[in-house]
């Protein structure tokens with residue numbers, strides 16, 4: 001960028017509005033694919049900030065982080081660099097729901113992400129609050145910031161998080177903010193409405209922070225980092241972290257709930273003067289929500305989590321609230337271990353604008369303005385991981401379109417990111433959307449352990465994954481298949497030695513010869529247990545893990561692949577984007593209206609639109625078949 005004239009410094013290939021988790025992945029993807037990127041943000045010192053819990057991952061979300069990594073994104077690597085406590089969740093529940101969750105040093109995470117943006121030669125990170133989207137003949141042209149500066153770009157990606165007309169609530173006190181301590185974007189919503197976007201209002205919240213020295217950890221349950229070496233990124237060597245930053249578990253009690261009920265009338269959500277209109281997240285309710293909706297529960301869990309190495313603040317996971325400050329102090333100090341808590345930052349709720357994601361294509365490009373993309377919380381989602389997953393897809397697709405190449409659309413059967421985006425653009429949102437394992441029909445195929453096997457080919461195709469890594473994935477795939485075939489051919493015959501081992505492992509002895517493949521199907525037996533009988537076992541733990549899962553769950557996996565084949569039949573049945581739905585006979589009025597609005601790209605997507613019934617689909621297929629003849 002050295003030596004650029006001022007006018008050149010206002011012209012870019014891609015402009016990213018916002019530098020949160022979605023904006024980071026979008027900017028890095030487009031820049032690494034060779035395009036000049038401008039990132040405009042309210043505060044360049046809070047890039048990739050974690051305004052709520054200082055953690056990355058969890059059920060479904062942790063798999064998304066691995067998928068981002070497999071596509072060539074940054075979240076997994078930076079989490080590995082900055083995590084202070086990490087655990088594998090749901091180990092006893094099987095591979096379909098296993099996921100990593102890490103406590104991050106939130107200050108270090110933000111600084112690391114800022115450095116990665118600033119050191120990329122194709123990225124300029126700059127302060128600016130975007131107030132208007134510039135368009136020309138139905139195509140995006142650029143943006144205007146709060147200084148009145150016009151920036152021109154061939155593509156614009158909006159990743160504004162909670163900043164669109166953001167408003168904070170603490171009891172009956174309310175003030176404009178994008179998040180605590182930062183200005184909101186007050187004018188951009190008006191520009192989006194002028195362009196035809198439908199805008200709604202959601203709310204979320206965050207708990208108070210308390211000072212470490214005021215916490216009595218001795219009466220809480222300690223939760224240390226894992227003893228097993230772990231890593232989010234496929235590029236990083238798994239490691240065991242020092243046990244310097246444990247999390248702690250305590251609980252609310254009847255006194256806590258009594259205090260909450262006493263102050264409900266001052267709540268902006270439940271009070272006599274209801275100030276909050278936006279709908280909050282179902283799966284991350286405030287403590288007052290939990291007390292009101294679950295009256296029979298005498299206690300709720302509170303996880304006391306460190307915010308980082310260079311701060312003494314702790315996060316009270318489970319005590320999100322918008323009650324008045326006085327009520328917060330009393331409530332917190334009623335909890336075991338927090339009797340003398342010093343609150344450093346109050347809890348608050350925040351209300352913000354989002355756009356209806358049904359106005360987007362599965363590429364995350366807007367249907368209303370060409371080359372205008374949206375990603376993250378502005379699309380009605382909640383969570384850092386969901387935002388980052390959308391961000392990398394928006395960045396990749398903006399770059400692919402500028403290259404003149406086909407877009408990247410992940411299927412529901414390929415990735416949790418595919419499930420997330422398909423749900424958004426097909427069904428829309430009436431509450432903040434959180435990704436859950438239950439939302440994925442094919443979750444046994446979308447595992448934590450196989451994200452690179454599923455998605456590295458796409459990362460390599462678009463230029464975000466290096467050749468050596470892709471070849472490593474192909475080699476791994478080959479070795480897995482070879483080992484499965486070998487196990488089918490190696491026969492074990494009944495003998496005293498064999499049966500003694502099987503009996504000691506609490507499984508039935510052999511009466512006739514069987515293959516190692518058949519033996520490994522037994523739930524009591526692992527690959528390592530059978531090594532004593534195997535003349536030529538392998539030692540690669542990554543291959544062993546995949547072999548075990550594929551052998552033990554073969555029936556379920558095969559059934560899912562059969563379901564995917566049916567699913568893809570309808571996914572591959574394309575619907576012309578300009579189809580005149582008024583010409584399709586016998587559609588219900590509701591179906592016709594929704595098909596016009598969403599304009600599904602395939603019969604498969606049309607089938608997932610709420611309110612579209614089987615007879616509507618049949619009539620649509622009949623009409624399309626006749627048009628083809």
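Backbone N, Cα and C define each Cβ position, glycine as well.
Summarising the annotation, Swiss-Prot assigns FAD binding site to 18, 19, 20, 21, 22, 23. Under the heading NAD(+) binding site, Swiss-Prot lists 280-294, citing sequence analysis as support.
Comparing the binding-site residues 19, 22, 292 on other C-beta atoms within 10 angstroms of each C-beta gives the minimum for 292. Taking the mean position of the Cβ atoms of 18, 19, 20, 21, 22, 23 as the FAD site, the remaining residues of that chain whose Cβ falls within 8 Å of it are 16, 24, 25, 26, 41, 47, 48, 159, 161, 375, 376, 387, 391. Here the candidates are the binding-site residues 18, 19, 22, 23, and by Cα distance the one nearest residue 284 (NAD(+) binding site) turns out to be 22. When the binding-site residues 21, 282, 290 are compared by the number of other C-beta atoms lying within 10 angstroms of their own C-beta, 282 comes out lowest.
Separating the Cα atoms of residue 22 (FAD binding site) and residue 288 (NAD(+) binding site) is a whole-number distance of 30 Å. Remark: residue 23 (FAD binding site) has 16, 17, 39, 41, 157, 159, 375, 376, 391 as non-local neighbours, by Cβ distance under 8 Å and separation of at least 6 in sequence. In the three-state DSSP classification, residue 290 (NAD(+) binding site) falls within a helix. Taking the Cβ of residue 294 (NAD(+) binding site) as reference, residues of its chain lying under 8 Å away and at least six apart in sequence are, in sequence order, 300. The binding-site residues 18, 19, 20, 21 include none with a CA atom within 10 A of the CA of residue 288 (NAD(+) binding site).
Residue 18 (FAD binding site) sits 36 Å from residue 292 (NAD(+) binding site), taking the CA atoms of both as reference points.
The Cβ of residue 288 (NAD(+) binding site) has 23 neighbouring Cβ atoms from other residues within 10 Å, across all protein chains displayed.
In this structure, of the binding-site residues 18, 20, 280, the smallest number of CB atoms within 10 A of the CB marks 280. Residue 282 (NAD(+) binding site) and residue 21 (FAD binding site) are 22 Å apart (CA-CA, integer value). When the Cα atoms are compared, residue 282 (NAD(+) binding site) and residue 20 (FAD binding site) turn out to be 23 Å apart. Sequence-distant neighbours of residue 286 (NAD(+) binding site) (same chain, six or more apart, CB under 8 Å from its CB) are 205, 269, 280, 320, 321, 322, 349, listed in sequence order.
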